[in-house]
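Since the structure comes first, as structure tokens, the remarks are kept for the end.
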Amino acid sequence: VSTMNAKTSSAGEEEALGMSNETLGEAKRRQVIRVAYVIAALDLTFLFMQMGLMPYLAKSLGLDSVGFGYLQTIFGVLQLVGGYIFGRFADQFGARAALILSCASGSCFFLLLSLSTNIPLLFLSRLPGVFMHGIPGAQKVITDVTTPSQRAGALGKLGFCFGVGIISGSAVGGILSTKFGVYVPTYVGLMGSLINTLIAVVWIPSQTKPKSDHHMTELSDLFSIREILRLMKFPGVMEVFIVKVFAGFPIGLFMIMFSIISMDFFGLEAVESGYLMSYFGVLQMVVQGLVVGKLASRCSEMTLLRLSVFVFAGVGLGMALMRTVWHYCIIAVPLVFAFSMLATITDSILTKAVPSSDTGAMLGICASVQPLTRTVGPTIGGVLYKQFGVSSFGYLQLMVNLGLFVYLLKSKIPLEEMKSQ
């Protein structure tokens, strides 16, 4: 009976989304998706611009490496807490309102950063980061205007925006700060975020999905542990979320320590590290733009989830054995594939597994995974690197993902689309 109800509610959701798409019009729906991609690409570009200049700005203000670590941790904690709140806000007030909030917060962030002439102001500039969630905002728009069968492919193309952000943000930020001064990228980021806000206001419709009967009563209810636990009780949600968190955690630790590893282990200069980041950006664009969407349309989501975890295990073995930067460049290909596939497929599964009125909250919880890694990662990653070396990240990646792969093979995770309101 529950399976029949799940299928009935799934069909009802497809019909409701179809009606929403007809209301928007097919051309309008595609335009909204393209605008979401543009906003996401610009948002990531500005974000990577400031990431490149932050170490130099912090150093020029007299902040040591320990203080800089605190600065990064504060930003990670704010993003961790804000991700879920942002998602709940999107469910309550709509995807457009959430995107406007994110872009406006970005404007405040860059304004404060441009005024940061001392260390207290630099720390203060991190505060708007609690609502800076451009990617979850774009995901919410795409989730609202696509049917479940279209969702994985549409979400996958957001990775193309990520590649654009890495390449353009790193390059533009470096050029501007070198030629015109360390504060110039902050002025560009401020103007760009204001333009992004205007784009969201003009081009994203106020209603991107059919209205539901589910409403929150108070703004104070935006952050609720009880609501998080409620979402985790839907069939398959807890299992898939555990896989999402743990499969990418070891490689997340490695990426947090990468700036140190690139200098000490690979012996790279700053310029060479920049080239390596650009290489990652190109791989991300190719994999997300050309591979993920096509596989999502041909294979079941559970098959792709198992594939990504298995490839992650192989990546761990390769990382344990690598000795040069060229080895890493080879490993980066399956690494980017597994990382992109895991993120896209788990987001797609989890948004289908909860009621449509809770997709924003679910995306917010998913968006909190990376900030969680950034928060606890520096301590754990530092201990691993100092005590056991680079190979320890690879062995940890191998063991964790082999365990998850066996778990996915043996367990029967229910993936019915539970779309009852």
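Placed from the backbone N, Cα and C atoms, the Cβ positions cover glycine too.
For 29-415, the entry in TrEMBL reads domain 'Major facilitator superfamily (MFS) profile'. Among the features that TrEMBL reports, transmembrane segment is placed at 35-57, 69-86, 93-113, 158-176, 182-204, 240-261, 273-292, 304-322, 328-350, 390-409.
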### Query
the transmembrane segment (328-350) vs the transmembrane segment (69-86): three or more C-beta pairs under 8 Å (separation of 6 or more)?
no
### Query
Can at least 3 Cβ pairs under 8 A be found between the transmembrane segment (304-322) and the transmembrane segment (390-409), with each pair 6 or more apart in sequence?
yes
### Message
Limited to the domain 'Major facilitator superfamily (MFS) profile' (29-415), I'd like the whole-number average of pLDDT.
### Response
87
### Query
Can you name the far-off residues of the same chain, 6+ from the ends of the transmembrane segment (158-176), with a Cβ under 8 Å from a Cβ of it?
37, 40-41, 43-53, 135, 138-139, 142, 184-185, 188, 274, 277-278, 280-289, 292, 340, 343-344
### Query
Per the definition of 3+ C-beta pairs under 8 A with sequence separation of 6 or more, do the transmembrane segment (182-204) and the transmembrane segment (35-57) touch?
yes
### Task
Might you confirm whether the transmembrane segment (240-261) is in contact with the transmembrane segment (93-113), defined here as three or more C-beta pairs under 8 A between residues 6 or more apart in sequence?
no
#### Entry: Other parts of the chain folded back onto the transmembrane segment (35-57), taken as Cβ under 8 Å at six or more residues beyond its ends
68, 71, 99, 102-103, 106, 109-110, 113, 116, 122, 132, 134-135, 137-138, 141-142, 157-158, 160-162, 164-166, 168-170, 172-174, 176-177, 182-183, 185-186, 188-189, 192-193, 195-196, 199-200, 203-204
